[in-house]
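Asker: Quick one: the structure is below, questions incoming.
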Amino acid sequence: MPIRVPDELPAVNFLREENVFVMTTSRASGQEIRPLKVLILNLMPKKIETENQFLRLLSNSPLQVDIQLLRIDSRESRNTPAEHLNNFYCNFEDIQEQNFDGLIVTGAPLGLVEFNDVAYWPQIKQVLEWSKDHVTSTLFVCWAVQAALNILYGIPKQTRTDKLSGVYEHHILHPHALLTRGFDDSFLAPHSRYADFPAALIRDYTDLEILAETEEGDAYLFASKDKRIAFVTGHPEYDAQTLAQEYFRDVEAGLDPEVPYNYFPHNDPQNKPRASWRSHGNLLFTNWLNYYVYQITPYDLRHMNPTLD
């Protein structure tokens, strides 16, 4: 799926170097196709890096995807140039009257922060409430999963004593579910979080269907039966080096972090890690776009009536 982005977005050249099909707005305007409109609420500090990661996964199908980047934190960023934010991001007020086929809410490094202490917690709640009537399907990632479970289902914040960091094995629970179609019975995916997602807790509080779990019984992938919301508690979008960058950052900060599990060859941080989750990440996002967005979204977005057959 060629992603449609502004011509000047840094991700264009970055992804083209990887032979990822990126269609600029100027080229896409010549095609008589109604693109899928996907809004990305990017909560990560290094926004350009996160853009590259998600756009890579959204690019692998024959339809156009029109990407809109959203920010809700008005504070000055220490990790992303203000010019980039001003040029490529919109504020909620700019899009609140629009409808979208899909919404992705990224993770954020807020695992040890109480919800009410998050600077933009009211804005998160506002976006989630708005999405019920303006978005066909929403995908929450990592910390955003914890936030959404609290806002939508009242699940209290669950925090691990130690950070979960590494590449973990998971197994699917429903092999014929659309979101896991084509998955191997067992697959690897990276995690980097303090948030805890016991599968039993999610079953107790919600009617969400858990589609994949970790070997330890944590929920990894789950969704509503109507396909309107989906949750992934790990980071299938991560680059091969992302966990390493986080590890060495914490080492330099004197935090004495654990070496990420099952990540560095021979468990030696001096060895170059390899991504063992790329096929899983690509398939997950392709399935979400196809079965949870494209198959049920209305052709005319002015009328939000997803087909939930």
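If you go along the chain as it appears here, the first residue is 1 and each next one adds 1.
Any Cβ shown, glycine's included, is placed from N, Cα and C.
Copying in the features that Swiss-Prot gives for the protein in this structure:
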ACT_SITE  CYS142  active site, acyl-thioester intermediate
ACT_SITE  HIS235  active site, proton acceptor
ACT_SITE  GLU237  active site
BINDING   LYS163, SER192, ARG249  substrate binding site
SITE      GLY111  site 'Important for acyl-CoA specificity'
SITE      SER192  site 'Important for substrate specificity'
Asker: What's the CA to CA span in angstrom from GLY111 (site 'Important for acyl-CoA specificity') over to LYS163 (substrate binding site)?
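Answerer: About 9 Å separates the two Cα atoms.
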Asker: Could you tell me which of these recorded positions, HIS235, ARG249, has the greatest number of Cβ atoms within 10 Å of its own Cβ?
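Answerer: Answer by Cβ density within 10 Å: HIS235.
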Asker: Which residues, in sequence order, are found in the same chain with Cβ within 8 Å of the centroid defined by the Cβ atoms of LYS163, SER192, ARG249 at the substrate site, excluding those residues themselves?
Answerer: PRO109, SER165, LEU243, GLU246, TYR247, ASP250, PRO257
Asker: In Å, how long is the longest CA to CA span across LYS163, SER192, ARG249, which the record gives as the substrate binders?
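Answerer: Binding-site diameter by Cα atoms for substrate: 14 Å.
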Asker: Translate the DSSP assignment of SER192 (substrate binding site) into the three-state scheme.
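Answerer: DSSP call for SER192 (substrate binding site): strand.
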Asker: Restricting to the chain of the residue listed as 'active site' and a gap of 6 or more, list residues whose Cβ falls under 8 Å of its Cβ, or answer none.
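Answerer: Set apart from the residue listed as 'active site' by at least 6 residues yet with Cβ under 8 Å, we have THR50, GLN53, PHE54, ARG56, LEU57, VAL141, GLY281.
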Asker: Might you list, by sequence position, any residue in that chain lying six or more from the residue listed as 'active site, acyl-thioester intermediate' with a Cβ less than 8 Å away from its Cβ?
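Answerer: Residues satisfying the criterion: THR106, GLY107, ALA108, HIS191, SER192, ARG193, ALA195, VAL232, THR233, GLY234, HIS235.
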Asker: Tally every other Cβ atom lying within 10 Å of the Cβ atom of LYS163 (substrate binding site).
Answerer: 19
Asker: Translate the DSSP assignment of GLU237 (active site) into the three-state scheme.
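Answerer: Once the DSSP labels are grouped into three classes, GLU237 (active site) ends up as coil.
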Asker: How many other Cβ atoms sit within 10 Å of the Cβ of GLY111 (site 'Important for acyl-CoA specificity')?
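Answerer: So the number of other Cβ atoms within 10 Å of GLY111 (site 'Important for acyl-CoA specificity') is 19.
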